[in-house]
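A quick write-up on the structure given underneath.
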Amino acid sequence: MYLVKDIGGAIGLMAVALVLLGTWPVVLAVLERRGRLPQHTFLDFSLTNFLAAVLVALTVGQIGPDTPETPNFLTQLTQIQDNWPSVLFAMAGGVTLSLGTLATQYGWAFVGLSVTEVMASSLKVVIGTTLNYFLDGRINRAEVLFPGVGCFLIAAILGSLVHSSNAADNQEKLANSLLNYSNSNTRNTEANGEDLTKHLIEKEIPKDPEEAKTDAVQVSTPTLEKVEAGTAEFLVTLEEKRSIKVLGSHTLLGLGIVVFAGVCYALFSPAFNLATNDQWRALPAGAPHLVVYTAFFYFSLACLAVSVGLNAWLLYRPMVGVPRSTVAAYLRDGGGGRGLALLAGMVCGLGNALTFMAGQAAGYAAADSVQALPLVSTFWGVVLFGEYRRSSRRTYTLLASMLLMFAVAMAVLMASSNHRKPL
C-alpha cells in the first residue's frame, strides 16, 4: 500500500482535502434551497461517500509490497479475527460522522452555511484535537496548541453571536415588510399584519412530495434569481422554495443542532486514530495495526449503514416540518439533484481519505488542526447564497471577527504540528 511519510506530502494532502471538504457542504445546501428533500439528498450522498472509500482502498491501498507489518487492503480484510477491536473503533468513528453530517444538513437551513461550518469545525478542534494530542503521545507543543484551541472556542462563540444578530436583522426586514404591506392597504393594520405573518411564516406545508409538486404548478412564485439577495422578499421566496422551513423558528433550536453536529465531528477523528494506532493496546500481541485504507473502509461502511437506516426512517417520520416522503418517491426523485448529491458524496469521501492519509504521516492532531474548510464554505455562502446581504453593521463586524479569529487559530495550531512518533 502507498503511505505518505513526510510532512511536506502530508501538508499537500491537507491542502487538497480542505478544498474538497469545504465544497461539498455547498452542494447539499444548494439542493436544500431548491426544495429537494434532505432525506433524498443524504441517501444519494451516502452511497458515493462509501464508494469513494472502496475506490481509494482498491487503488492506493493495493499499491506497493504486501508485508506482514503493513498488509495491503484486501489482505487485511481477511484478518478481521485478529483486528476486530480496531474495526469496532473505525466503525464507531463512522457512526459519529454520519450523525454529525445529518445534523449539519439541518443546521445549514437554520443557522446558515457560514456560521454552521465555523461553529461545527471549531467544536471539532476544541474537543477532537485535544483528544488526539494525548492519543498521539503529546508530540505537539502544548504552549502553542492550546492557545490555538482557545482561539477556536472564541470563534465558535462569535459564530453564535453572528447567527443571533443576523436573525434579528431578518426579523427587522420582515417587520418593515409588514409595515409597508399594511400602509398600502385600507384595512386594519393589525389584521393585515396577522394575515401576512401567516402567509410568510405559518404557511401550510404539504405533507407529501407529490402534493408539493402539484402546488408548485398551480402557484407561481418569484425565483430567487429574480429577487435581490438580503431583502424581505428574498427571505420569503427562499422559505417557500426550500425543503426545511425555518422562518419564525427559535434561535436556540438551530444552535443546538449545530452544537450536536460539532460534538459528533469531534469524536470521529480520535476514534479513527485509535483504530489505526491502537494506543489502548486492544489488539492481540503480534497483530498488525489496521492500515488507514482498511480502517477507512470500515469507517465508511458504518457511516453508510447509519445514514441509510436513519434517512429511511426520516422518509416516513420527518423532522422540523420537512414533508413526508416514501422509498418510491425517493427512487423517482432523480434528475440534476441526484447527480449533484452523488457528486457531493464522492467529494466528501475523497476529502476524508486524504485527511486520514495525512494524519498517519503528521499525526491526527495536526490533521485536525487544518480545519480551514469553513473559510471555503463561508466564501461560497456569501458569494453564492447572498448570506448576510443587507445585514447590519453589527452583523458584519461579528462576521469579520469570527473569520479573523478562525484564521488566527488555524495559524497557531499549524505551528504546533510535528512528526507523530511511532508507537
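Every residue, even glycine, has its Cβ placed from backbone N, Cα and C.
So that you can see what the record holds, here are the features copied from TrEMBL:
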- 12-31: transmembrane segment (TRANSMEM)
- 43-64: transmembrane segment (TRANSMEM)
- 84-103: transmembrane segment (TRANSMEM)
- 110-132: transmembrane segment (TRANSMEM)
- 144-163: transmembrane segment (TRANSMEM)
- 251-272: transmembrane segment (TRANSMEM)
- 292-316: transmembrane segment (TRANSMEM)
- 337-358: transmembrane segment (TRANSMEM)
- 364-385: transmembrane segment (TRANSMEM)
- 397-416: transmembrane segment (TRANSMEM)
Highest-contact recorded stretch vs the transmembrane segment (43-64), from 12-31, 84-103, 110-132, 337-358, CB pairs under 8 Å: 337-358
Contact call for the transmembrane segment (144-163) and the transmembrane segment (397-416): at least 3 Cβ pairs under 8 Å, seq gap 6+: yes
Feature contact check the transmembrane segment (251-272) with the transmembrane segment (397-416), CB under 8 Å, 3 or more pairs: no
Check the transmembrane segment (251-272) against each of 84-103, 292-316, 337-358 and return whichever range has the most CB pairs under 8 Å. 84-103
Tertiary contacts of the transmembrane segment (84-103), as residues 6+ beyond its ends and Cβ separation under 8 Å: 42, 46, 120, 257-258, 260-265, 267-272, 274-276, 278, 282-283, 289-290, 295-296, 298-304, 306-307, 310-311, 348, 352
